[in-house]
Ligand SMILES: *Cc1c(COP(=O)(O)O)cnc(C)c1O
């Protein structure tokens, strides 16, 4: 057997063993391996994944939006290795360590600020994005309660939003595919209409749409005086909801409404944080600071599961008391894991060292140029972009924006076409998107655009 044949045989054997014992996330397992290929990966370098079968795959989705600077980024790998040699983990209740402390200081220094508003001043760690949302919800509710306000037990979330999969976080989601089955188990938030500019009325600007939706949000606040604990938003881009984008004016109005009604603003920057939208945090583009900032995914540069919830001194102080009941007793075993903190510190260091945001501005401009020809495609309703996130909305009929029949599985067709050509696109329904690692270069972007173009043709062909 030659080398290539041996690799293919190895990949096939691996696939069989995998499908005998594993259960993969967000997957109808019955579709493996016939409808959906399963791709065993041996290593990752830069923007590329290397398959056990010897083939290379461009990771255009940053491995579910986690990876920032490319796979195997040596500075992060070295920081984790060094930390593992010193202290791999220690209980974080009653104990502290250098990476945990330094990371908190660094995150607070980098957090979005708003003039005339006290800055975010406290960091609470957890171990994934959903857990960060649970922390923020519980803290918000409990802070009001500790302040003697026991009626504030409801949350406002946006339609088409997504905040994770645990029961509390899923409660805030408005994506039927994820939510519907579990609906009997979930909290019932108030849903405010998303300011999504794709849903703007004919001739309405994104900004006008944002203001119209903010007026509707104001009506919800007015109808529920004293009942609402917090408003939860994904600033600028609703990622899981199809990379739908809105004008920052909405966030400014939301901030004002929260202040006027004594409601907390929870910014879920789990996906959009760490440079995806062009600024380090999306809130910066609206000039606002939230009461809670939830971070995960890119926090460790994509190396380790970790999350952080940043909040204000006012929230923190509401918990200080002689009673344990007034304390925030929430914990996760791996809270403040030193390896995760070391990775996150190294990742923040790279932003400064490599002037990453400036490089991304150039990359984002190039992405826009490369995607421009797709705007005229008869099955493309919209090409939209915020920073390093670019989305292409496929439809059956461009003038009416009528979607393809679900049975066509246009997104899946595009996925299969791309993976066969060495590109990982993982469409959200029929919405293709590019969210590449920040090391992506000219040739890689060109390749991505070429394969996306032919993938769209394959998805839309009869
Ligand atoms: C991914 C995501 C989450 C959940 O994070 P997990 O680590 O997957 O639990 C929450 N909010 C947003 C906006 C996300 O994109």
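Cβ atoms are placed via backbone N, Cα and C, with glycine included.
Remember, it's a predicted structure, so these values are computed and weren't measured experimentally.
With 162, 297, 331, 426 listed by TrEMBL as binding substrate, the candidate from 64, 434 annotated for that site turns out to be 64. Per TrEMBL, pyridoxal 5'-phosphate is bound by 129, 130, 332, 333; the candidate from 59, 196, 268 named for the same site is 268. Contact annotation for binding-site residues (64, 129, 130, 268, 426) versus ligand 1: 129, 130, 268, each with CB under 6 Å from a ligand atom.
Of all the binding-site residues listed here (130, 331, 333), the one with the fewest other CB atoms within 10 A of its own CB is 333.
Annotated pair residue 129 (pyridoxal 5'-phosphate binding site) and residue 162 (substrate binding site), C-alpha to C-alpha distance, rounded: 11 Å.
Neighbours of residue 162 (substrate binding site) among the binding-site residues 268, 332, 333, defined as a Cα within 10 Å of its Cα, are 268. Secondary structure at residue 333 (pyridoxal 5'-phosphate binding site), taken from DSSP and collapsed to helix, strand or coil, is coil. Closest to residue 130 (pyridoxal 5'-phosphate binding site) in space, going by CA atoms and restricting to the binding-site residues 64, 297, 331, is 297. Counting other Cβ atoms within 10 Å of each Cβ, the lowest count among the binding-site residues 64, 162 belongs to 64. The DSSP secondary structure for residue 162 (substrate binding site) is coil.
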